[in-house]
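> Per Swiss-Prot, the features are:
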BINDING   R18, R67, T98, K159, R262, V263, R264  GTP binding site
BINDING   C25, C29, C32  [4Fe-4S] cluster 1 binding site
BINDING   Y31, G71, S122, M193  S-adenosyl-L-methionine binding site
BINDING   C257, C260, C274  [4Fe-4S] cluster 2 binding site
DOMAIN    9-234  domain 'Radical SAM core'
Amino acid sequence: MSDSRLVDPFGRRITYLRLSVTDRCDFRCTYCMSEDMQFLPRDQVLSLEELYAVADAFIGLGVRRIRITGGEPLVRKGITGLLARLGQRAELEDLAITTNGSQLRERAAELKAAGVRRLNVSLDSLQRERFAAFTRSDRLEQVLDGIQAAREAGFERIKLNCVVQKGRNDDEILDLVEYALANQLDISFIEEMPLGSITSHRRELTLCTSDEVRAIIERRWPLTPSLARSGGPSRYYQIGDEPSRIGFISPHSNNFCGDCNRVRVTAEGKLVLCLGHEGALDLRELLRSHPGDRERLSAALVAALNLKPERHHFDAQEQVQVLRFMSMTGG
């Protein structure tokens, strides 16, 4: 049993923090942000010291896993120093990063040295033109080189995250699994979440459910349920005795809220209790009004958990329910 003091009204203990360190990104993925995205003024983004104060308070309350997100976290100046401070915290069982992979070729080794244990790398296509269309950036080879650099650096696990969309990349599902198997990587296939208003595609038409993805994979390989858990919402399967795990994140077709053990803090200091709800608590105001007051911050976090909803209600057929883009929330 976790000793976390962060307990919501439904008895779920929060042991996992997803901490966004920037809303900025060197890609413009079509499902994550609009092409003309306006980033936050820098003074509205938490400083590195404020980010550490937030993480420190959560650790003190029983959080044992932290994932650093963005935007693209590796474009944040000074991020390695923050990671090194967190990497020294003996209480943490896991320190991970979600990245687009664009910076990994040069920085994988320093991330490993800082104490990062696991990487998630977004990869929606292995085809150059299609990758460029998804990301609005022609840097597929740079990302693939970065993944290889991360393998050489020796992370505990590296996982690919793929958002599958009908008519856009669902014909690459088997190719992506083959790439993961060949490189001993995990891969999670994700149903697109309806966050932020976009014009590049109609989500209700491109939604590809996890069951559909799984059926495609099982035409070639039988999938066996895995006992492995990552602390996140993925349901994992394995192919024979391959070390790679095949995961499915299914916010639409298989609601995973019952086991929710996580909260998010955005780059501007908003505590997001549920990905599918607009409500958030402003931690930045508290941090700047009472700098260094860990007790006050901790009390606010404990109290905020009373507002955590039981579940989200994502519906691909309805209008956008959350106007906040994924790049603002932290992936």
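Glycine is treated like the rest: Cβ placed from N, Cα and C.
Explain the structural surroundings of these features, please.
In the three-state DSSP classification, K159 (GTP binding site) falls within a strand.
Residue density at C29 ([4Fe-4S] cluster 1 binding site): 19 other Cβ atoms are found within 10 A of its Cβ, drawing on all protein chains shown. Secondary structure from DSSP puts C29 ([4Fe-4S] cluster 1 binding site) in coil.
All protein chains considered, the CB of M193 (S-adenosyl-L-methionine binding site) has 22 other CB atoms within 10 Å.
Here the Cβ of C260 ([4Fe-4S] cluster 2 binding site) has 22 other Cβ atoms within 10 Å, regardless of which shown protein chain they belong to.
When averaged over the domain 'Radical SAM core' (9-234), pLDDT in the model lands at 92.
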> Between the binding-site residues C25, C257, C274, which lies closest to R18 (GTP binding site), Cα to Cα?
C274
> Please work out the number of neighbouring Cβ atoms within 10 Å of the Cβ of R262 (GTP binding site), leaving out its own Cβ.
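Around R262 (GTP binding site), other Cβ atoms within 10 Å: 21.
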> Applying a 10 Å Cβ distance cut-off over all chains shown, what neighbour count does R67 (GTP binding site) have?
25
> For T98 (GTP binding site), what is the tally of other C-beta atoms lying within 10 angstroms of its C-beta?
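Within a 10 Å radius of the Cβ of T98 (GTP binding site) lie 21 other Cβ atoms.
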> What's the CA to CA span in angstrom from C29 ([4Fe-4S] cluster 1 binding site) over to S122 (S-adenosyl-L-methionine binding site)?
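So the alpha carbons of C29 ([4Fe-4S] cluster 1 binding site) and S122 (S-adenosyl-L-methionine binding site) sit roughly 10 Å from each other.
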> For the C-alpha pair, I'd like the distance in angstrom between C25 ([4Fe-4S] cluster 1 binding site) and C274 ([4Fe-4S] cluster 2 binding site), rounded off.
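With distance taken Cα to Cα, C274 ([4Fe-4S] cluster 2 binding site) is 23 Å from C25 ([4Fe-4S] cluster 1 binding site).
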> Under a three-state reading of DSSP, tell me whether G71 (S-adenosyl-L-methionine binding site) is helix, strand or coil.
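SS state of G71 (S-adenosyl-L-methionine binding site) = coil.
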